[in-house]
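All remarks here apply to the structure that follows.
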Amino acid sequence: MVDSSTVFNLLRSHPKQTSLRFKSPVCLESRFSSTEHRNPVSNVTKLIAPRAPSYASVLQGLKELKPIQQIHAQIITSGLAQNIFLSNRLMNSYASCGLLNVAKQIFGRIQNKNLVSWTILISGFTKNERYFEAYEVFCDMIMSGFLPNVVTITSILSALANLGLIRVGRSLHCFLIRYGLGVNVFVETSLVLLYSKVGCMDVAWRLFDKMPDKNIVTWNALISGYSNKGFGDEVLQLFNLMQRNGFSPDFFTIVSLISGCSAIGSLQLGSVIHGCTIKTGFENDQIIKTALIDMYAKCRCVEHAYSLFDEMPVKDVVTWTLMLSSFSHVGYMNKAMQIFNEMIGVDEVALDSICLIGILSSCSRSGALQQGRRVHALMIKTGFEDDIFVGSALIGMYANCGNLESARKFFEGMKEKDIACWNAMIAGNGMNGCGDDAIDLLWKMQGKGLEPDESTLLCVLCACSHAGMVDQGLHIFHCMVRYWHILPNLQHYTCIVDLLGRAGRLDDAHLLINTMPLQPDAGVYGALLGACRVHGNIDLGLQISKKLFELDPNDAGYYVLLSNMYATVGNWEGVKMTRVSLRSKGLKKTPGFSSIEIDMEIFTFMAGDIDHPQYPEIHRILKIMINKIKEVGYVPDIKLVFQDVPYETKINILYHHSEKLAIAFGLMRTKPGTTIRITKNLRTCNDCHTATKFISKVFERPVVIKDVNRFHFFQDGACSCKDYW
Ligand SMILES: [Zn+2]
Ligand SMILES: [Zn+2]
């Protein structure tokens, strides 16, 4: 095998005049007639074998294998096997049936191979998506002293595009220009494809723009390039331009359009494209349908996705996994579980690791421990227990559901562990407040000869932050480059700002941000703003908020944080101002919801969810719950209600926070003493935090709340976060 640089150099150093040989017509078919007739060898063969042209013309019309083989046999018996014209035709016929190995055998037996023979073989491999073999043949060709013509270059460029070999591709582009080979729509399209595939959209666009003729393949090449880069707007502009130029979309256009739309997540455009698939008759194609499901899911319109999924007559494991992940992403955990259960009931669908990872991360997200355990049992039954990818997802699931013991047990029993398993275990310890264990694991991992990567160190730093281990965290952070040759990235900095903030070292955190070598992002500033809120440092908080609004003006979360901060120090003017600017920007707070798993079923509560089917009963328990904790000192913190409403209404809003509804439901539906596990999609508020501390004491129930930041273990009137979160 020749390496690319040799090919590259050979292409560059060939004496220019040799190219004259290749100033030939472009189309493969026309090349046969023109060059072959000029070739003295084939003229001689023609004299002694007058039947050759008739075989050739018969072969040209054949698409089926059997007659091709018959003609092949006749050619051999008539002693025409060495006729290059016929050999090339035969190769072409076999290649178009996908029998590249036969074509290659014929090629091997040709004594006087010409450029056409090489080109047929290269183009055959490319058309059958055997790109690497196409490239190998191309290299052999160059080494044998042949220079490519436009047809050869067109074929090899597609292969190079798919292999990502941009350097060789570029040198061929130069070659085309240098030797002034007559370009045409095919070779220009291959170039657009090459640059699009490797993401050089500027070059691709310039080439495209200058092309006098374009075909549907050219348009598709450019559209799919923009689509792969996630440039949804460009995709749609091109699509409109393409239609204005009189081209109707084909299968490939539709696929690119759908993935472009998924990238920008616009439902409106999604519907237009869906309409387009119906108009063009592609709506029943399995690939298109799967892509549409994905698109609707990405646009967060899971109902549309489901109805498409539901009407599919045959579903494969990819489609099932896609559907369950889509439900899980929008928070419909029960639906995700339901899909999984349905899927394992279908015999024809073979479970795979991707699907298991999908369902496990769905369990993680919703804290569905019982369901997660069932998946573990299924893993054992189906032989996926030793799969390290599924294994690390399982560790993550147990840790995320607050069951660190099971995570540890599984981790220790694993026959083989890769870095992802160690990282999952370290992260699990961190999440559950076991900072020392996380650091121990880091040393143990190194003892086994595994070097930590960026994520390992991030998990360790987060663990230190969650456990309040400031000195250890800072030490590891400062040693990152020296010990492990890893430069801290923005996430590492965010973690350290959080760590310093938690310890009340706001000035140190601020100094770190001002002196860090990277441009701080919203995450880094957000961590400091959170710390300002906890420690009531309004001045710094305001300063940081300004930065945040510049960096990320559309995140309602920061406005809420700032408004909470004003509320904490009783600055009502500030609260009002923040709320006005939030409203004037048309931003909406993400609605908070909490979920709880009881008997393998997930129950989700929104704040103020009085339409819940079990509401009357929940309301009764809620009243008892509030009264009991009030007796031991709970005072509702109405500062946290920002609406301008009477006191009674404020109290009522506070009591109907989703965590409180979920806890009341848990008290109602589980046996005394059972741990109540709640998962909340946002940060849990001060009032719910205080109330839960009292609940854990009064009702003698351990309560675990996993909010967006961390785990809170409430037991006997205290929380594991020590009131910092
Ligand atoms: Zn609350
Ligand atoms: Zn807490």
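Glycine residues also receive a Cβ, built from the backbone N, Cα and C atoms like all the rest.
Values in this document were obtained by computation on a predicted structure and should not be read as measured data.
Pulled from TrEMBL, these are the features on record:
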{"type": "REPEAT", "residues": "114-148", "note": "repeat 'PPR'"}
{"type": "REPEAT", "residues": "215-249", "note": "repeat 'PPR'"}
{"type": "REPEAT", "residues": "316-350", "note": "repeat 'PPR'"}
{"type": "REPEAT", "residues": "418-452", "note": "repeat 'PPR'"}
{"type": "DOMAIN", "residues": "633-725", "note": "domain 'DYW'"}
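Remote same-chain residues near the repeat 'PPR' (316-350) are listed as 286, 290, 293-294, 296-297, 300, 302, 305-306, 309, 358-359, 361-362, 365-366, 368, 371, 375, 378, 593, 595, 600-602, 604, 681 (criterion: CB distance under 8 Å, separation of at least six residues from the stretch ends).
Sequence-distant contacts of the repeat 'PPR' (215-249) (same chain, six or more residues past either end, CB-CB distance under 8 Å): 185, 188-189, 192-193, 195-197, 199, 201, 204-205, 208, 255-257, 259-261, 263-264, 266, 269, 276, 280. Helix, strand and coil counts under DSSP for the repeat 'PPR' (418-452) come to 26 helix, 0 strand, 9 coil. According to DSSP, the secondary structure content of the repeat 'PPR' (215-249) in residues is 26 helix, 0 strand, 9 coil.
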